[in-house]
Structures are given as C-alpha cells and as structure tokens.
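K.L.:
Following this message is one structure expressed as structure tokens.
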Amino acid sequence: MTTYLIKGVSVVGGAPTDLLVRDGVVAETGRGLSAPGATVLDADGLVALPGLVDLHTHLREPGREDAETVETGSRAAALGGYTAVCAMANTSPVADTAGVVEQVWRLGREAGLVDVQPIGAVTVGLAGERLAELGAMADSAARVRIFSDDGHCVADPKLMRRALEYVKAFDGIIAQHAEEPRLTEGAQMHEGEVSTRLGLTGWPAVAEEAIIARDVLLTEHVGGRLHVCHVSTAGSVEVLRQAKARGVRVTAEVTPHHLLLTDARAETYDPVYKVNPPLRTATDIAALRAALVEGVIDIVATDHAPHAVEDKECEWAYARPGMLGLETALSIVLDVLGPEWHLIAERMSRTPARIAGLDGHGLDPAAGVPANLTLVDPAARRVIEPADLASRSRNTPYARMTLPGRIVATFLRGEPTVLDGKAVK
Ligand SMILES: NC(=O)N[C@@H](CC(=O)O)C(=O)O
Ligand SMILES: [Zn+2]
Ligand SMILES: [Zn+2]
C-alpha cells in the first residue's frame, strides 16, 4: 500500500498542514512532516474534507445497467468527492429481499471505489401493499438500516406506521418519498404560475407537506425514526421545524438541484429539468437554503437519478423524472453556500454518515482516523460537459454551466480512488 504525504492542505478550512496517509489511516498531521518513500502530493490551496456521504443515490443495478451500474455510479461518486453512497431500492428486481441487497453490497465491494450501503424497500415490489422482509435485510451481510420505497410514497398510513414500528428493533429508519399520490395524479411539474401558463398538470406543494405532517405525527406516536427525502417546499420546512422543536426523531435532506433551479426551467420543455419532486419557486429555494444553514434540513443528498437517452430525450410528458447529481453536488453547494467548509462538511459528510450509521465515514482528517477524505480546489472553475461525466447517463441539468470547485483527489481507506482529478480505476 502506497504511503501519501499531502503537503500544505487546509483541513476543513483551517491553516495549512500536512497529512500523512499510511496503512488506511491518517497516520500523522502537522507542519513540515517528512516520510521517506512516501508519494508527495502538493496540496497548496486545497481544502481537505471528510469524504462526502450520499444518503440518496440511484445506481440502477440490477435491471437498468444501460443507465448506470454499481461500478459506473461508484466512479461518478468518487469523482464527486464521495467515499460512501446509499443505494436506493427501486431497481429491477426491487431491493426488497436479503438476496438483492447483498448482491448490490457485493457489487459495491468489487468495484471498490466507494462504500455502497444498500437501502432496502419498505414494501414488496414497492407496491405499497405489504411490508418487505425488513428484518432479513437488516440481518443480511448488507446490514440494512435505512428502508425506502423511494420513487413511490408509502401512502398507506397503516403500513407506514407498521414500518416505523418494525424497524425500531434495530434502530432503523424509514426514508419517505413524500408525495400524496391522489394529489399528484398526472402531475408534470410544480403547480403554480408557470404550470398554468404552460398548461401542464401541476404537482402541488401540499402533496409533499401533507405526507410529511402525517409522517412526523406517526413517528412521534410510535417513537420511531423518520428521514424525509428531497424536501422541496417552504411549507415542508415549517412542518419539519415544528416537529423538531417537539423533539420528533426526524431528519431531512435537500438536493443540490432544489437549492438552485426553479420551475421556470420547464419553459424550455427540456425534460432534463423534469424531476420528482419538481423544481419549485425562488421562494422555496430561499427557504430551503435558510433551513440547510439553520439545520432544520440536516443534509444535502444528491438523488442522483441516471436515465437512458430514450427515457429523457422525448416529449416532456413521457420522460422519466430525475437528474444526475454525484459529479456536480459539491460545486452546486459551494456555489449556493460559499466556502463555508464546516457547514459543508457537516451537511455533506458528518451528518449523513451519522444518520446512516456508517462507521469510519464522516470524520474530519486527524491522526488515527480512517483515511476517507477528499481534496477540493476551491479556486478552480470548470465547465460541465455531459460527455465527460463518468456516469453512464448524460442527464445533467448543468450542461455547459461554469461551476466553482473541483475534486482533485479522493481517498477510500487510504487508497486513492481519484488523483489529479481523474479516476484511478
Ligand atoms: N427523483 C426522481 O425524479 N426520480 C427518481 C426517483 C425518486 O427519487 O423519487 C428515480 O429513480 O429516477
Ligand atoms: Zn423520491
Ligand atoms: Zn430518489
């Protein structure tokens, strides 16, 4: 195993120091370190962050390997500065058994680019009718702790209650895709001024807010743990704020795209902007940004949702919802929050690692800590070229935009997965 001496790096925005990475851990830190035989990386001007952790990634394997695989998605993640991702269950077959979650977990190990932690489905086939084998998935080699029917809402309140209750036995979490299905039948975009003008069926904010309100009450009632996926409205923020003030064990995520893009993008009729929940208004964006700073929203999660060309380059109404996120997330957050390194580390690494219970992740680089870290060049600016992305899909909403920040290197347990901005394998 190669030893690396990272020279002159700012650890989470602090004064420049050196990091000696040896045998999978940060062996030493301090100024003017020397280590004969070590590979020296000049990190002048770079910022070291704990490796990013994504609580919401679609890797599409098994079933849609034409859109992404565990390996290609893992490479995209490493290039984005991630060292761990949680893989959503809406694959084909659905990850609703110990067998499927173990397969995804094993594929992640084989790729060896990030730690892939499978999320299990809440209901069999995501059909919302009966609970999947939650206990068997928890006991499997994949040790599943987060369960989600993401892509679908667990709409039946009785099932949701039973799921929240069941996973308490192993301190599990239900991650909800909050969308009241009756309120979003045929929905194409955010319900508001723009949808009215374009004549597209609207997805009202209340369809999200009503489910979150119901679920925090259910969670409070059973004493469970709830995580709310891709929060997108100002009203949802208020529901979460009240729930947290009462001490309900609820956490929430926001995606980079919901922090930056508005429903006005739909005016282009380019389905690259079609996503679930839909892009909202500037007022929602302002509330989401403030909530992220404040901590009412705990984390940024990408909801990286690769789709094959034929599922995206078609008429808006027929296009699948979802957009890529892993390779651009840090740049968008940097653009939105500015170089607030502690906040970025908190919202993109420490807290998601803690929620998911990922040992060895989310820890600031310090002596004795597993070397899961990423080096960022905050001064760099780059133009996003879809063809250059490592993802197998091309559905980025940031094509040809110039974004701040570049991932220079990523280390997983002391082994580089990215060096000089390029994937190592
Ligand atoms: N976000 C999306 O628009 N799509 C996701 C599903 C989901 O996150 O709900 C997908 O799997 O493509
Ligand atoms: Zn979802
Ligand atoms: Zn998703």
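From the backbone N, Cα and C atoms, a Cβ is placed for every residue, glycine too.
According to TrEMBL, the protein carries these features:
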- 47-234: domain 'Dihydroorotase catalytic' (DOMAIN)
- His56, His58, Asp150, Asp303: Zn(2+) 1 binding site (BINDING)
- His58, Leu59, Arg60, Asn90, Asn276, His307, Pro321, Gly322: substrate binding site (BINDING)
- Asp150, His177, His230: Zn(2+) 2 binding site (BINDING)
- Asp303: active site (ACT_SITE)
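What's the neighbourhood like for these features in this structure?
P.N.:
Under a cutoff of 8 A between CB atoms, and with a sequence separation of 6+ in the same chain, the neighbours of Asp303 (Zn(2+) 1 binding site) are His56, Thr57, His58, Cys229, His230, Thr255, His257, Val275, Gly322, Met323, Gly325.
Around Leu59 (substrate binding site), the same-chain residues at least 6 positions away in sequence with a Cβ under 8 Å from its Cβ are Glu68, Thr69, Val70, Gly73, Ser74, Val85, Ala87, Met88, Thr91, Val104, Val116.
The secondary structure of His230 (Zn(2+) 2 binding site), as reduced to three states from DSSP, is coil rather than helix or strand.
Classification of Asp303 (Zn(2+) 1 binding site) by DSSP places it in coil, neither helical nor stranded.
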K.L.:
Could you state the CA-to-CA distance between His307 (substrate binding site) and Asp150 (Zn(2+) 1 binding site) to the nearest Å?
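P.N.:
About 16 Å separate the Cα atoms of these two residues.
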K.L.:
What is the biggest Cα to Cα gap, in Å, among His58, Leu59, Arg60, Asn90, Asn276, His307, Pro321, Gly322, the residues listed as binding substrate?
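P.N.:
Among the residues the record ties to substrate, max Cα distance equals 17 Å.
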K.L.:
In Å, rounded, how far does the Cα of Pro321 (substrate binding site) sit from the Cα of Asp150 (Zn(2+) 1 binding site)?
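P.N.:
Their Cα atoms are separated by 12 Å.
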K.L.:
Roughly how many Å separate the Cα of Arg60 (substrate binding site) from that of Asp150 (Zn(2+) 1 binding site), to the nearest whole number?
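P.N.:
That separation, Cα to Cα, works out to 13 Å.
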K.L.:
Under a threshold of 6 Å between Cβ and any atom of ligand 3, which of the binding-site residues Asn90, His177, Asp303 are retained?
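P.N.:
Close enough to ligand 3 are Asp303.
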K.L.:
Near ligand 2, which of the binding-site residues His56, Arg60, Asn90, Asp150, His307, Pro321 have CB less than 6 Å from any of its atoms?
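P.N.:
Among the binding-site residues listed, those whose Cβ sits under 6 Å from ligand 2 are Asp150.
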K.L.:
Provide, as an integer number of angstrom, the distance between the C-alpha atoms of Asn90 (substrate binding site) and His177 (Zn(2+) 2 binding site).
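P.N.:
Spelling it out, the Cα of Asn90 (substrate binding site) and the Cα of His177 (Zn(2+) 2 binding site) are 12 Å apart.
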